[in-house]
């Protein structure tokens, strides 16, 4: 068989990338070379992080046999990271679940029974009985769902609609609560709208990059490759990296800064002070487009109300703020002097000054990037607000090459969790359940009775754990996440609730994860291109893909599970008489009829699918379900700055960045000439706010919820590594990735190890006030903590690092701080 030069180059690029990581590529590069003519190719976004890389998926005989970077994808331009090259193998683990499994004893469900295969009807029978019993005895607050930033857009939309409109319960929250909630609240407080104003095209036009708590080299490697290219192509481009420990991103840094945990708040206020003291405020921009407010302080740590820290807080959970003058703000940040900041953070003065100069220089276009170091923080919302302050003071925002940019960890934390509104307090397009007008908009569009959607905010992720433990939440459906491994404080606040006989736990997953094995019912789930899907990435880019193969055995998509389960409930079983009296025509109808088989959703016929196009859900129902749900959902944002393109446009494009108006996507929001919502002559308009002005907040440094002491003498920070994604439920089933990083380790400074008589490779017990884990000492390698801090990745199911972590959260966003708790080490 003849092979074109282009195909040869592609195949070798795949092999070279894997070889660089010390990995082999069986079935990937060889499949491209040896079987190219027999393979059918189609596009899809990558299954992993929020970068949103485009890939070409090769299928043959009903299996994914190859994957390569899509050269036409604007995000990654044909390049994949090492996880992306091994995408096919995530679906073919030997322990893939293919049928529902229920805990049974003596032929019926039992909390302490053994997992036994059952049919879908049997699984839904038990679920139906548990849901109906809890709804009847305790009401909608007794049921809940924990979803995902890995849901497709229509899966998240269907879940939110089923729970908030169908079951009348706002107890639905995504695992994005653990990673992006602080970014959401930060955006909403400062700009009145969620998500970044810039895009990845900023990278090629920036003069400086500042990373705040973000190891892009490992967590967003494709974007890092673009930053690296920009930095190495121009000696005047600068990179600053801030973290509580050194990591691979420091290798490119001109200014690598290691600071004391939690003290990033001080650094941010110091830079604001520097900008003012050096007359670097962009007065024209500031005067026209910015307001100043002083936020409430001493707001607690999101712990249980009985916790001493919550009792001691003066304003627990307060989001209050009041107006202030520029002189008052100037006086506020003046306290954050160079001397004080250096002393409190442990950062040398010259490094602090170099960092501040990047922001203050009017001729430097600066991008600030951050991820979990900022967001997983008991003052994560404040950290987000404070970095916006720097860009608003200098006017370095909403223009090519400059702006603040919150990077996303999951493939659709933006497109699904945030935009769709699967958080316990949100509705589509930045609307919230507490706003009567917003509820009314949803109820009218969904054609359900007024008052159907509850006005009370539902339980967020950590509150769900506590409610399960307390017996207040009794039926809990977990989809597309592994929270028993990923969530905080497993021993004290999660496992007790899951194994409580009063509660019934359902987990939908492709694999027997820690969460699945802790549940009462496991539902086998279709993965990635085994279903039609859509994700929204960090730069507001919405991307579609088609179903390309069938799921194994009886595995079904999350969308199928949600829609089919809705058939089990009639309106009179879930809605009070007062609601039904408003719309008597809905009596006797199922939630499927009312929510998913409506004229608005079911109006797109199967004829819109190609004859040979797979779409299991739609072909079973008799209409194009995904298109109906998407178009119904997209209505919420059109004309309101969240405009999505028509459904069919996305199948013909490599994604489009919203707002999409008149067929044109938006690269930079809020600025004239870039954003269709900013009129000629306005310059800038932050139209999420009533007056079109963004807000600078005065917010102080406040300490962490838990710090080292004489007994627990080390900080613990948790996170990820390049080779594995989150809890490793997919990547650890890829042999090459597993071999590259087979088990978690404790990264520790050599002097801390020596002081404890520990050597590299030693087995060590890591203990906190909440639990312990056995791991292995690592004094070398990619992560280099300072003395007094250890770092552990959480991908290893054999080392449940979250037995150690504290369930403290940001009181405003309810996001957990996984970066700061106190531990001690002991040689085993």
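Just so it is clear, glycine is given a Cβ too, placed from its N, Cα and C backbone atoms.
Here Swiss-Prot flags 1-31 as signal peptide, drawing on sequence analysis. The domain '4Fe-4S Mo/W bis-MGD-type' annotation in Swiss-Prot covers 39-95 and rests on sequence analysis. Among the features that Swiss-Prot reports, [4Fe-4S] cluster binding site is placed at 46, 49, 53, 81. According to Swiss-Prot, the Mo-bis(molybdopterin guanine dinucleotide) binding site annotation covers 83, 150, 175, 179, 212-219, 243-247, 262-264, 372, 376, 482, 508-509, 531, 558, 718-727, 802, 819. Annotation source Swiss-Prot lists substrate binding site at 794, citing sequence analysis.
Considering only the binding-site residues 46, 53, 81, 794, the residues lying within 10 A of residue 726 (Mo-bis(molybdopterin guanine dinucleotide) binding site) on a C-alpha to C-alpha basis are 794. Same-chain residues at least 6 positions away in sequence with a Cβ under 8 Å from that of residue 83 (Mo-bis(molybdopterin guanine dinucleotide) binding site) are, in sequence order, 46, 48, 722, 723, 725, 731, 737. As a summary of secondary structure, the domain '4Fe-4S Mo/W bis-MGD-type' (39-95) carries 9 helix, 20 strand, 28 coil according to DSSP. When the C-alpha distances from the residue listed as 'substrate binding site' to the binding-site residues 53, 213, 531 are tabulated, the minimum falls on 213. Under the DSSP three-state reduction, residue 531 (Mo-bis(molybdopterin guanine dinucleotide) binding site) is assigned to coil, being neither helix nor strand. According to DSSP, residue 372 (Mo-bis(molybdopterin guanine dinucleotide) binding site) sits within a helical segment.
The shortest Cα-Cα distance between residue 81 ([4Fe-4S] cluster binding site) and any of the binding-site residues 213, 372, 531, 721 is the one to 721. Same-chain residues at least 6 positions away in sequence with a Cβ under 8 Å from that of residue 531 (Mo-bis(molybdopterin guanine dinucleotide) binding site) are, in sequence order, 152, 547, 551, 557, 559, 616, 617.
The distance from the Cα of residue 218 (Mo-bis(molybdopterin guanine dinucleotide) binding site) to the Cα of residue 49 ([4Fe-4S] cluster binding site) comes to 11 Å. For the binding-site residues given as 49, 53, 81, 246, the lowest number of other CB atoms within 10 Å of the residue's CB is seen at 246. Listed in sequence order, the residues 48, 51, 52, 76, 80, 83, 84, 221, 222 complete the 8 Å Cβ shell around the [4Fe-4S] cluster site centroid, once 46, 49, 53, 81 themselves are left out. Between residue 372 (Mo-bis(molybdopterin guanine dinucleotide) binding site) and residue 53 ([4Fe-4S] cluster binding site), the C-alpha separation comes to 20 Å. Model confidence over the domain '4Fe-4S Mo/W bis-MGD-type' (39-95) stands at 96, taken as the mean pLDDT rounded to a whole number. Residue 246 (Mo-bis(molybdopterin guanine dinucleotide) binding site) carries a strand DSSP state (E or B). Counting only the Cα atoms, the space from residue 49 ([4Fe-4S] cluster binding site) to residue 721 (Mo-bis(molybdopterin guanine dinucleotide) binding site) is about 13 angstrom. The Cβ of residue 213 (Mo-bis(molybdopterin guanine dinucleotide) binding site) has 24 other Cβ atoms within 10 Å, all protein chains considered. Using Cα positions, the member of the binding-site residues 213, 246, 721 nearest to residue 53 ([4Fe-4S] cluster binding site) is identified as 721. When secondary structure is read from DSSP and collapsed to three states, residue 218 (Mo-bis(molybdopterin guanine dinucleotide) binding site) falls in the helix class.
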